[in-house]
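So the structure is just underneath, and the comments pick up after that.
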Amino acid sequence: MRSVGENAPVISRTVSILGSTGSIGTQALDVIGRNRDRFTVRALAAGGNIDLLARQAVEFEVPFVAAAAGSVQDLRSALAWYAAGAGRAAYAPEVVVGADAATTVAAIGAHVVLNGITGAIGLRPTLAALASGATLALANKESLIIGGDLVRAAARPDQIVPVDSEHSAIAQSLRGGRREEVRRLVVTASGGPFRGWSREQLREVTPEQALAHPNYAMGKVITTNSATLVNKGLEVIEAHLLFDVPFSAIDVVVHPQQWIHSMVEFRDGSTIAQMGPPRMLVPIALGLSWPDRLDDIDEPCDWSRAQAWEFHPLDDDAFPAVRLARQVGEAGGTAPAVYNAANEVCVEAFHGGRISFLDIVDTVARVVEAHDGSDHDSSSVEGVLRADTWARERATAIVEKGNR
Ligand SMILES: NC(=O)C1=CN([C@@H]2O[C@H](COP(=O)(O)OP(=O)(O)OC[C@H]3O[C@@H](n4cnc5c(N)ncnc54)[C@H](OP(=O)(O)O)[C@@H]3O)[C@@H](O)[C@H]2O)C=CC1
Ligand SMILES: CC(=O)[C@@H](O)[C@H](O)COP(=O)(O)O
Ligand SMILES: [Mn+2]
């Protein structure tokens with residue numbers, strides 16, 4: 001047994017990062033950059049930010065580089081430019097460009113694949129990573145939520161390590177007891193920038209206001225989802241799928257400071273909470289190194305400073321997204337995929353000035369209501385993606401009609 005403070009011997013892992021240019025991806029590279037003896041980057045995949053992708057690839061001398069948009073020529077010349085600048089002119093990685101590029105590199109094999117892509121497009125990369133046998137460090141919650149049983153069936157036990165902060169907290173807290181001793185999961189929520197607002201006040205919300213998350217700097221979609229509480233709805237479904245706990249035993253509590261990342265209540269009345277600063281470094285690092293912890297990833301709590309942490313019940317009337325998510329989660333099948341796809345369309349429409357803030361969840365609810373689960377098949381990727389497409393078309397039609 002190792003003594004207190006003594007870390008595991010260094011065993012280097014290969015890591016592929018999907019969505020390397022985003023909030024999760026850049027923080028993952030920060031963690032890896034500080035732990036170069038523990039990790040080697042095998043592949044990077046991004047969307048259209050070729051410039052940053054090339055810089056990252058040169059910095060970490062990555063052998064496989066993938067982009068969803070742009071051209072092979074653009075990516076190669078960006079790589080050559082940064083390689084020359086870094087005095088590594090001989091660096092010539094394999095390059096993949098196209099809509100399926102992330103799926104291709106997810107399949108090439110690595111100890112860990114971190115999926116930090118946003119949205120339902122993460123589904124095929126998630127399945128490819130699982131099929132490759134890699135540990136899947138999962139930030140892209142959407143792929144699990146829409147894939148549901150399909151993704152669960154593709155994963156061997158413990159192959160998915162949650163990176164989402166709440167689920168990482170639950171996974172860490174679960175180390176404090178046996179599965180059969182668990183009574184409830186308690187997922188914390190910031191409440192978003194509009195915590196305490198009435199529906200009336202929410203009518204005039206602007207995209208700029210919705211992007212002002214109280215604690216985290218994240219991508220546009222998840223930040224908007226935090227403001228509508230759709231993110232918390234998705235996270236309730238995610239918790240159900242990851243930890244196999246019924247929806248009736250998953251609570252949400254608003255904790256604006258977000259130092260408690262989530263909790264597990266046990267049968268004897270004891271609750272274990274995981275806490276730390278509201279930042280993603282620890283969940284990301286754990287995703288890469290699970291079950292081991294790395295040294296000095298973030299600051300610990302400072303108990304010498306006076307501080308107050310608050311807890312409030314969720315206001316389901318002003319923010320009906322969690323209630324709706326529970327409904328689609330209970331329905332199962334393709335209902336969660338429909339909820340997510342309609343939301344992705346509405347978030348885009350809100351930022352494009354085509355619908356109001358309240359229209360986002362109202363439209364998602366209308367699409368969910370119109371969905372007939374028997375028309376769609378959740379047992380294949382194609383079936384899930386057909387439901388996703390159906391929901392996008394339906395949501396788009398509602399948006400175009402002015403939400404009448
Ligand atoms: N950010 C956070 O703190 C947290 C995020 N999450 C989850 O993690 C995921 C990522 O979120 P976040 O990092 O904030 O999002 P960002 O918008 O910051 O980043 C998204 C990333 O996905 C890339 N991307 C987009 N399309 C493709 C594609 N077709 N193929 C490959 N890559 C693509 C983008 O590339 P490019 O920029 O080059 O176009 C970018 O690197 C989401 O599912 C989110 O819910 C969960 C908890 C916390
Ligand atoms: C950091 C993280 O995991 C995000 O999902 C974050 O928790 C958003 O918080 P809220 O959705 O509670 O605002
Ligand atoms: Mn989260």
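Yeah, the Cβs are placed from backbone N, Cα and C, and that goes for glycine too.
Proximity of Asn140 (NADPH binding site) to non-local residues of its own chain (separation of 6 or more, Cβ distance below 8 Å) is seen for Leu18, Gly19, Asn115, Gly116, Ile117, Thr118, Gly119, Gly122, Pro125, Thr126, given in sequence order. Positions annotated as NADPH binding site by TrEMBL: Thr21, Gly22, Ser23, Ile24, Gly47, Asn49, Asn140, Glu142, Gly219.
Taken from TrEMBL, the feature 1-deoxy-D-xylulose 5-phosphate binding site applies to Lys141, Ser165, Glu166, Ser190, His213, Ser226, Asn231, Lys232, Glu235. Within 10 Å of the Cβ of Glu235 (1-deoxy-D-xylulose 5-phosphate binding site) there are 28 other Cβ atoms, across all protein chains. For the recorded site, Glu235 (1-deoxy-D-xylulose 5-phosphate binding site), the DSSP three-state label reads helix.
Here TrEMBL flags Asp164, Glu166, Glu235 as Mn(2+) binding site.
For the domain '1-deoxy-D-xylulose 5-phosphate reductoisomerase N-terminal' (15-148), the predicted model reports an average pLDDT of 98. Residues or ranges marked as domain '1-deoxy-D-xylulose 5-phosphate reductoisomerase N-terminal' by TrEMBL: 15-148.
Residues annotated as domain '1-deoxy-D-xylulose 5-phosphate reductoisomerase C-terminal' in TrEMBL: 160-243.
TrEMBL lists 275-393 with the feature domain 'DXP reductoisomerase C-terminal'.
Under the three-state DSSP scheme, Ser23 (NADPH binding site) falls in the helix class. Selection of the binding-site residues Glu166, His213, Glu235 by a Cβ distance under 6 Å from ligand 1 yields an empty set.
Taking DSSP states H, G and I as helix and E and B as strand, the domain 'DXP reductoisomerase C-terminal' (275-393) has 67 helix, 2 strand, 50 coil. A gap of 7 Å separates the Cα atoms of Lys141 (1-deoxy-D-xylulose 5-phosphate binding site) and Asp164 (Mn(2+) binding site). Among the binding-site residues Lys141, His213, the residue whose Cβ has the fewest other Cβ atoms within 10 Å is His213. Counting other Cβ atoms within 10 Å of each Cβ, the binding-site residues Thr21, Ser23, Asn231 show the lowest value at Ser23.
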